[in-house]
Amino acid sequence: MIKLYGVIGNPIAQSMSPVMQNQEFQQFGLDAHYQPFHILEKELETAVKGMKVIGVEGFNVTSPHKTAIMPFLDKIDPLAEAIGAVNTVVRKNDEFHGYNTDGDGFIRALQADWKEDFMNERALIIGAGGAAKAIFYTLLSKGMAHIDICNRTAFKAKKLIEECPYEGKSKAISIAEAEDTLEHYNLIIQTTSIGMYPDIYKSPMSVKNLLPEAFVSDIIYNPFETALIKDAKQKGVKTQNGLGMFVYQGALAFEKWTGIAPDITRMTNIVVEQLGGNHANR
Ligand code: NAP
């Protein structure tokens, strides 16, 4: 019998996950289908119960349900619990178990585009929203210590650090301070929505003080090249966009569901094709 997977969100029509995951099911000859489900906030609990009853094997969770879904799952992985958000659900013995693969997806992409071991580098995260939290907590949980955070709303950066259950040596700084001291960091992780389509000319900060040997990761992938990435490239600095993080978080979900490591290049290519682009990080 065909195995059913999917993604829930509101909105959901824009999601690249169905085309990416269905391609891999097909390529590996699996009798499975991945379906987007448009679920309203008020219907979330009913939707999760329904998915369990009809035998859904696993699904992704996207905005705005990543936190709200947690009480409706049977078990939550400790990292997802700490982050306070679930993006992947796996059926195990008729229970729904929740995970968060966003941070690990980010790490895999950084390893692929930059270097395998960056745990001793000094990082700056720009932004303190949901994506920043997943990346920050996952990096600290893996032993990275030197990660500062700057955000427009200063108290949110401070809160992220204070509430983090993993040990680190982080401080919250203002965007202006980050700009002035950018040479202290060799990894810049841009997690705000500044520069995302349609506001493609906006950048969260000046790269005047960016080190030439630094690496800039902007987790936006629409456009592929944000204003920040363009500015960094002009200084000869190596960069990556958010496509790798998106593909790897999906690949990690696929692996949890099937036990198979999917083809990253093939997944990247189909997303690039869907987005109408002609280049990616690799
Ligand atoms: P979120 O929780 O809403 O956080 C948004 C962040 O952006 C906050 O730090 C917010 O600052 C900042 N921000 C928004 N508008 C701003 C402005 N005009 N000026 C200054 N700061 C501003 O969103 P999220 O879920 O973390 O997502 C953030 C971005 O990451 C989006 O572009 C999303 O597409 C991308 N993303 C990519 C992936 C991937 O797989 N590549 C995964 C998840 C998210 P304040 O706290 O001051 O409001």
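Cβ coordinates are placed from backbone N, Cα and C, and glycine is handled just like the others.
Marked as active site, proton acceptor by TrEMBL: K66. Neighbour density for K66 (active site, proton acceptor): within 10 A of its CB lie 22 other CB atoms from the protein chains shown.
Among the features that TrEMBL reports, shikimate binding site is placed at S15, M16, S17, T62, N87, D102, Y221, Q249. Of all Cβ atoms in the protein chains displayed, 19 besides its own lie within 10 Å of the Cβ of S15 (shikimate binding site).
According to TrEMBL, the feature NADP(+) binding site maps to G127, A128, G129, G130, A131, N151, R152, T153, A154, F155, K156, I219, G242. Within the same chain, the residues at least 6 positions away from R152 (NADP(+) binding site) whose Cβ sits under 8 Å from its Cβ are I175, T192, listed in sequence order.
Positions annotated as domain 'Shikimate dehydrogenase substrate binding N-terminal' by TrEMBL: 7-89.
Residue counts for the domain 'Quinate/shikimate 5-dehydrogenase/glutamyl-tRNA reductase' (116-193) under DSSP, helix first, then strand, then coil, are 30 helix, 14 strand, 34 coil. According to TrEMBL, the feature domain 'Quinate/shikimate 5-dehydrogenase/glutamyl-tRNA reductase' maps to 116-193.
Confidence over the domain 'SDH C-terminal' (242-269), given as mean pLDDT on the 0 to 100 scale, stands at 98. The feature domain 'SDH C-terminal' is assigned by TrEMBL to 242-269.
Distance from the CA of D102 (shikimate binding site) to the CA of G129 (NADP(+) binding site) is 13 Å. Proximity of the binding-site residues S15, T62, G129, A154 to ligand 1, judged by a Cβ distance under 6 angstroms to any of its atoms, singles out G129 in sequence order. Looking at the residues that bind shikimate per the record, S15, M16, S17, T62, N87, D102, Y221, Q249, the two CA atoms farthest apart are separated by 18 Å.
Taking every protein chain shown into account, G127, G129, G242 are the binding-site residues, and of these the Cβ with the most other Cβ atoms within 10 Å belongs to G127.
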